[in-house]
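> What follows is a single structure, and I will ask about it in a moment.
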Amino acid sequence: MKGVWTTDHVREAENRLLARVPDGSLMRKAAFGLATVALRMLDPGVVGRRVTLLVGAGNNGGDALWAGAFLRRRGVAVTAVLLAPDRAHPEGLAALRKAGGRVTTEGHDAVRRADLVIDGIVGLSARGPLRPAAAELVELITAPVLAVDLPSGVEPDTGVVNGPAVTATATVTFGCHKPLHVLGEGAKRSGEVHLVDIGLGPELGEPDITVLEPADVGRLWPVPGPSDDKYTQGVTGVAAGSATYPGAAVLAAGAATLATSGMVRYTGPAADPIRARWPEVVATGSIGDTGRVQAWVIGPGMGTGPGGRDVLTQVLEAGVAVCADADAITLLANHKDLWDLREPGTPMVITPHDREFARLAGEVGDDRVAAALRAARRHDVVVLLKGHSTVVAAPDGRVLVNPARSSWAATAGSGDVLSGLIGSLLAAGLDPWLAAGCAAAAHELAGELAADGAPIPAGSLLSEVPNAIRVLRAAAASVSP
Ligand SMILES: NC(=O)C1=CN([C@@H]2O[C@H](COP(=O)(O)OP(=O)(O)OC[C@H]3O[C@@H](n4cnc5c(N)ncnc54)[C@H](OP(=O)(O)O)[C@@H]3O)[C@@H](O)[C@H]2O)[C@@H](O)CC1
Ligand SMILES: Nc1ncnc2c1ncn2[C@@H]1O[C@H](COP(=O)(O)OP(=O)(O)O)[C@@H](O)[C@H]1O
Ligand SMILES: [K+]
C-alpha cells in the first residue's frame with residue numbers, strides 16, 4: 001500500500017525532522033535526488049546538455065538551484081531563471097554560481113533552447129494557478145519538464161488545476177507522496193512520480209490517503225479454498241434492471257458472477273435476459289423468492305418509482321451488506337427515511353457519480369476527498385465517488401484513492417459492472433472500504449486491458465474482469481516470499 005500525506009501533515013513532519021538534522025541537509029538530500037533523476041532524463045550524454053531551472057521565491061526554487069549545482073559539476077550547462085530575484089534561495093543561488101551556473105532574470109531564450117526544464121517555481125506553498133510571469137515562460141516550453149515536488153500551478157491537496165499550470169514529464173517528490181500525485185488533473189500533470197527518501201518516514205503518522213498497489217488488490221481478492229463450496233464464499237444478490245433498462249442488470253449480475261466463485265441470485269424484471277446471458281445466475285422475479293444472500297447490489301437501471309423504493313426497503317431491512325448504486329442512491333436522496341431501515345453497523349457502500357453525489361450530499365466541489373469523507377460520515381457508509389480518480393472514504397476517516405491510468409471506463413454501463421464487483425466482494429466478507437477499493441482497481445484495469453488503445457463498450461470491460469484479476473493475483477504472487 002502506498003501512503004499519501006496532506007501538505008499540513010508533511011509540514012508538521014518536516015518541522016520535527018528539521019529540528020534534529022543539520023541545517024540545509026534535507027534540501028541537499030532532496031536536490032541530489034532531483035539531480036539524479038535529471039541526469040537519467042538527459043541520458044545518453046550529459047556534458048554540454050542545456051538544463052534550464054525555473055526558480056521561484058521559496059524552498060522549491062532552492063531545491064532546483066542546489067540540483068543545478070550538482071548538474072553543473074557533472075558538466076551540464078545550467079541556467080537559472082529567477083522569477084523572484086530578490087527572494088531566490090540564497091545558499092542555493094550561491095552554490096549554483098560557485099559551480100559555474102548561469103543566472104538570469106530574462107528566461108525566454110533559456111526556456112526555448114533547453115534540453116530539459118526543471119520546474120522549481122512553487123511547491124508545497126502553492127496557491128492557485130501560475131502567476132502571469134511564470135505562466136508566460138511555461139507556455140514557451142517544448143522540452144521535457146522535471147517538476148520539483150509537484151507541477152507548479154496544481155493545488156497540492158486537491159490536484160485541481162484552475163488556470164495555467166505546468167505539465168511535467170516526471171516529478172521528483174520528497175519524503176512522501178502528496179494528494180495531487182494521485183488525484184485528478186494533478187496525477188495527470190505529474191507524469192512519472194519518483195519518490196526521494198529524505199528520512200521523513202518516522203515523522204509521518206498514519207497516511208491521509210492510501211493507494212492500493214496491484215499486489216495488495218491481488219492478495220485481498222477472495223478465491224475459493226479446498227473446503228469451500230458455492231455458499232461458503234458468499235452469495236451475492238442483485239436487484240437491478242427494469243423493462244426499460246434490462247442491460248444494467250445483465251452487466252451488474254455478470255460482474256458479480258465473474259468477480260468471485262460462489263453464487264449470484266437475481267431479482268427483478270430482467271430475469272429472462274439474465275438467464276440467457278448468465279445461466280449460472282439464479283434469477284427470480286420477486287425479492288421474496290430470492291433466497292438468502294450475504295450482500296445485495298441494488299440500483300442499476302432499477303428506476304426511482306414506488307417499485308424501486310419497495311425493493312430498496314426490503315434490501316435495507318434484510319440486515320446484510322449492501323452496495324447501493326445509481327437509482328438506489330437517488331431513492332436514498334429523495335426519501336431520507338429509507339436510511340433508518342438499515343441496521344446500524346451493516347456494511348454499506350454507495351457509489352455515486354458527481355450528479356448522484358450532489359443529490360445526496362451537495363456539490364462535490366474541488367476537494368473530492370473532503371466531499372467523500374463528509375458524505376461517508378453523514379450517512380455512516382463507505383462512499384465511492386466515481387471519476388478519473390476514484391475516491392473511497394469510510395466513516396472512520398480512512399480514504400483510498402484509485403488513480404486511473406486511462407479513461408476508457410468512462411462509458412455507459414461501466415458503473416453497473418463496478419457495483420457488481422463491489423457486491424461480490426462484500427458477499428465474500430471483505431471490509432467494505434477495501435471491497436470498494438479493490439473493485440475500483442480491478443474495474444480500471446479491466447477497462448485498460450479491454451480497450452488496448454480503442455474505445456470499448458462496458459460489456460468488453462466486463463469480459464476482461466477475469467484477466468484483470470489474473471494480473472492482480474500474479475502481482476501478489478510475484479511479491480510474496
Ligand atoms: N521544508 C523542508 O524541509 C523541505 C522543503 N523542500 C522544498 O520546499 C518546498 C516548499 O517550499 P516553501 O514552503 O518555501 O514554498 P514554495 O512552495 O517554494 O513557494 C514559494 C513561493 O511561491 C509563491 N507562490 C505561491 N503560489 C504561487 C503560484 N501559483 N505561482 C507562482 N508563485 C506562487 C509564494 O510566494 P508569494 O509571492 O506569495 O510570497 C510562495 O511563498 C517543497 O515543495 C519542497 O520542494 C525540500 O527541500 C525538502 C525539505
Ligand atoms: N474520466 C474517467 N476516467 C476513468 N474512469 C472514469 C472516468 N469517468 C468515469 N469513469 C469510471 O467509469 C464508471 C462510470 O460509472 P457511471 O457514471 O455510474 O456509469 P453508468 O451509470 O453508465 O454505468 C465509474 O467506475 C467511473 O469511476
Ligand atoms: K514545482
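A Cβ is built for glycine as well, from the same backbone N, Cα and C atoms used for every other residue.
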> TrEMBL records Lys386, Gly387, His388, Ser389, Thr390 as AMP-binding residues. Which of Gly362, Gly413, Gly415 is assigned to the same site?
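According to TrEMBL, the candidate sharing the AMP site with Lys386, Gly387, His388, Ser389, Thr390 is Gly415.
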> Out of Asp86, Asp115, Asp119, which is the one TrEMBL records at the K(+) site of Asn60, Ser152?
Asp119
> Take the mean position of the Cβ atoms of Lys386, Gly387, His388, Ser389, Thr390, Gly415, the recorded AMP site. Which other residues of that chain put their Cβ within 8 Å of it?
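Going along the sequence, the neighbours appear as His353, Leu385, Val391, Asn402, Ala404, Ala409, Ala440.
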> I'd like to verify something. Among the binding-site residues Asp119, Leu124, Gly387, His388, which ones have a C-beta closer than 6 angstroms to some atom of ligand 1?
Leu124
> Under DSSP, is Ser152 (K(+) binding site) part of a helix or a strand, or is it coil?
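SS state of Ser152 (K(+) binding site) = coil.
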> Taking ligand 2 as the reference and 6 angstroms as the Cβ limit (strictly under), which binding-site residues among Asn59, His353, Lys386, His388, Thr390, Gly415 are close?
His353, Lys386, His388, Thr390, Gly415
> For Asp149 ((6S)-NADPHX binding site), find which of the binding-site residues Asn60, Asp119, His388, Ser389, Thr390, Gly415 come within 10 Å, Cα to Cα.
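Among Asn60, Asp119, His388, Ser389, Thr390, Gly415, the ones whose Cα sits within 10 Å of that of Asp149 ((6S)-NADPHX binding site) are Asn60, Asp119.
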> Max Cα-Cα distance in Å among Lys386, Gly387, His388, Ser389, Thr390, Gly415, the residues listed as binding AMP?
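Across Lys386, Gly387, His388, Ser389, Thr390, Gly415, the two farthest Cα atoms sit 14 Å apart.
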> Cβ neighbours within 10 Å, counted over all protein chains: which one of the binding-site residues Arg127, His353, Lys386 has the most?
Lys386
